[in-house]
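I have placed the structure first, in the form of structure tokens, so that the comments after it can refer back to it.
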Amino acid sequence: MCGERIILSKPFKMGITKQYLRYVPLKNFNIVCHPDCNIVFVTLNGISDRYVAVGACENVIIWDLRLEKLVMTIEDEDMKNNTSKKISVVKLATTPESKHIAVGYSDGLVNTFNLATGELIGTFQGHRSAITALTYDTHGHMLASGSKDTEAVIWDVIAEKGLHRLSGHKGVVTGVQFINKHNLVVTSSKDTYIKFWDLTTGHCFKTLAGHITEVWTLSILRNDDFVVAGSNDAELRTWKISKMNDEESEIKMSELLSSDNLLDFASSIKCEKSGSLMREGPGRVVSSATDNTNHVLCVHGHGKLLDGDGEALERLRNRQRKFRKKASKRGENDEDIAFLNEKNPALQDVVRRLPPILTDYKIKSADLVVNQTHVKVVVSMADNTLAFYSVSLAVGKEVKRIRKISLHGHRSNVRVLAFSSDNLAVFTGGAESVKMWNKKSLNCIRTVETSSPVQCLCVVPGDRHILAGLDDGKLLVIDIAAGDIIESISAHLKNLKSIYMLPDELGCITGGGDSTVKLWQLELVILPNTDRKVLSLLHLKTLELDENVQCSRVSPDNKLLAVALLDNTVKIFFMDTFKHFIDLYGHTLPVNDMDISSDSSIIITASGDKTIRIWGLDYGDCHRRLTTESTLTSIKFIPKTHQFFTTDKNGNVKHWDADVFERVLTLQGHRGECYNMSVSGNGHYIVSCGQDNVIRLYEKTEEPLVLEDEREEERTQEDEKELATGEETNVYGGPSVLALPTKKTISSEKAAELLLECLNVIKEYKDSLLENETKGLDKPSLPIIMTAELEEVLLLMPFSSVCYFMEALIPLLNHMHHGIEPVVRSLIFLVQTLHKPISSVKDMMPILRQLNVLATKKTNEFRDLVGENLHSLMFINNSQEEEELVFNITQNVQKKRKRQKQKLLKTVIVNI
């Protein structure tokens, strides 16, 4: 072995990546109607006055007014899975047949869904801010949307593309309505103007300036004859719309030159001020709604009063008849009075006021349907309730309330949550009540009214009682089965902020704003004059402190008591003697919540200084300080682990690992502040509440989650928020900004890159083809041409690539038949948009002439092919219908003859 060296080394160990199981959103509940979204009647199973659709954060829910239950939830899966998007539904509109529903979101997105199945049909991206107006035309083929970006967009629902972008208002668009009789669109805005737009050209041809302040509502009544607009006062201004006659449209040149209002002369319709309707309620108009026939209008303000108006025509004849009687008594000549010669009714003859509806709370939205005898009105209110009213069309009848949906949600924001010990129920506390929910069905089982807002909740072992701490310092003992308050104890002088059950389940501790922590023992007390035993609390001892208590916790081994104080510190005491052990210093703002791990080794604190601190309970040392982007509101450990969840004022629910000091996952949070959160005993479910008044339930799945992959996905979502080329669409050699109905997105930028790559591939293929021909080799294989979008994609291409792209369209037109539409569409769009720079290039003129000839020829061929196929299919269909008709007639004749034979046979047998 001489000369050989033996080297000893330790074996290399590869690190194992730690994996977690993903938590995903499961369901939302506690929301009956969202105050930021309107309410609409929908038709399901052929019934039009029974179901209503309302917005519920990012979802749309449909209520059955007769059974008072939730029957359907419409949700977009992309929004459910995207944690970086926090948008909510702000506008709803249904087609006249109520087959589809259009949903407008707070980020400017518009989605259309099938009402029968809840499936997503189309997505329209054209606005940069929240949708404020949404409506369908009478056929349901076009959709108009208005937004806070001061623009309105007309969409083709069938082709799923934008038709026109209506730019002209200087304020938020508050209303959009179709006037189908004249092929027009009317828009109203906060800039005090009402504008009329031509649907063919997309241009504004008339502006009404009859308002001094903002226009808040816009309605079209009575066969598109009247425009009604509401403003900051109680007056609803009304205009009559009519087609201009040929005589009225012939204007002398002298009149045209001497007039200041050229738009009125150029318009094809005539708008005449026909009067005003006065509301009974004070303040500005908030919203208005009409029925499907546009004959009944209801409006409301910020109060509790809902006004209704219905139309009638016979009243003009009645007024003329009464006036003629009075004139004859006075001896006046009927022919000299102009009023008696009027044939068109005035506004006071057309409109009849219906009885007003007085609600229990402030109205946020309303909708109505009309049958032969009644008007049925549904109202959404600011206290998370729905009310259903019936108004008779007969004179002198009163308003009748039919239903009220209120048990399925709290009247105000939920502040505290708790799971039952068997994880089958969820308890929530709000400003007015404590509710018990079934976790599986999410139905409200019990409701207990309270005298003061609930600050904290604790479920007593056995799931038969709840302890609730109130804002006035009282401690309530609630019997779940009976739904009653057994006892109300004055536990603290000020608000009771914390209740925590002891690990031995024999008592609890409470902390309040009177700078005390109290220890209580559970006991059964016999009620006087009865043998019934009820649960009660016996006060054992009190811990006096120098500052107000924010929250308190007991370690699972029942040895230590942790109390967070208003002086930014957390004090640790021995549980048996209440003697001081250690102080935890470090936070610059008070600790809002804290929790102790199941092995009693570490304590985590969440503070208003946007930090999480992980401490050791043996020496009180800080293991790590984690920084977040917002103030933390609650923190909870997952049982039997060192993983925990936090909530903050940005509405986020985040998953952390205290062993590796890293954030694991960010769940889809709340719109606004997230108040509180609770983790189930088995760690499989999480429930959270927030400012958006919705309670979100999350579920643990079997899907593994790797931190590196999760961070990469988050970076991708962040990159997609910003456009590389900016938000505006610039045109080479044209206007500075082109107002397309669509919106530039990340997908259009990527599609432009793919299209440029396709052009480069075509160039390389042509070069290789020419080279192979010179060398006598075989033709190279054809490359795979990638698909791309159109208008926005074409505008992102440089001008040199546009010229080459148009040249590459010639072989496509020579060989293509079925795909002729996108080629011709691209050609027409580029010529219209880039006409000046293209016509200035001499080499492009022969190409344009050749494209013109080929496009015309191929379009005619394709049109003839489609017509031939259409009529062939119609012929085949008619032939099949005739064959089926002959077959049915033959079958019926044979059956008839068979029955006659059987009848004759029976008759012969009877005679024999």
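Don't overthink the numbers, they just go from 1 along the chain as shown.
Cβ atoms are placed via backbone N, Cα and C, with glycine included.
What TrEMBL annotates here:
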REPEAT    124-165  repeat 'WD'
REPEAT    166-207  repeat 'WD'
REPEAT    208-249  repeat 'WD'
REPEAT    407-447  repeat 'WD'
REPEAT    489-523  repeat 'WD'
REPEAT    584-625  repeat 'WD'
REPEAT    667-699  repeat 'WD'
DOMAIN    787-877  domain 'Small-subunit processome Utp12'
Original post:
Taking the repeat 'WD' (489-523) alone, what is its mean pLDDT?
Top reply: 92
Subject >> Close approaches to the repeat 'WD' (584-625) from elsewhere in its chain (Cβ under 8 angstroms; 6 or more beyond its ends) >> reply: 550-551, 553-557, 559-560, 562, 564-572, 631-637, 639-642, 644, 646, 648, 656, 658, 661
Original post:
Do any residues of this chain, six or more beyond the ends of the repeat 'WD' (489-523), have a C-beta under 8 angstroms from a C-beta of it, and if so which?
Top reply: 455-461, 467-477, 535-558, 561, 563
**OP:** Using a Cβ-Cβ cut-off of under 8 Å, list the residues of the same chain that are 6+ residues beyond the ends of the repeat 'WD' (667-699) and lie near it.
**Re:** 23-31, 34, 56-57, 80-83, 86-88, 384, 409-410, 412-419, 421, 423, 426, 428, 437, 439, 442, 633-634, 636-641, 645-655
Original post:
Which numbers of helix, strand and coil residues does DSSP report for the repeat 'WD' (407-447)?
Top reply: 0 helix, 19 strand, 22 coil
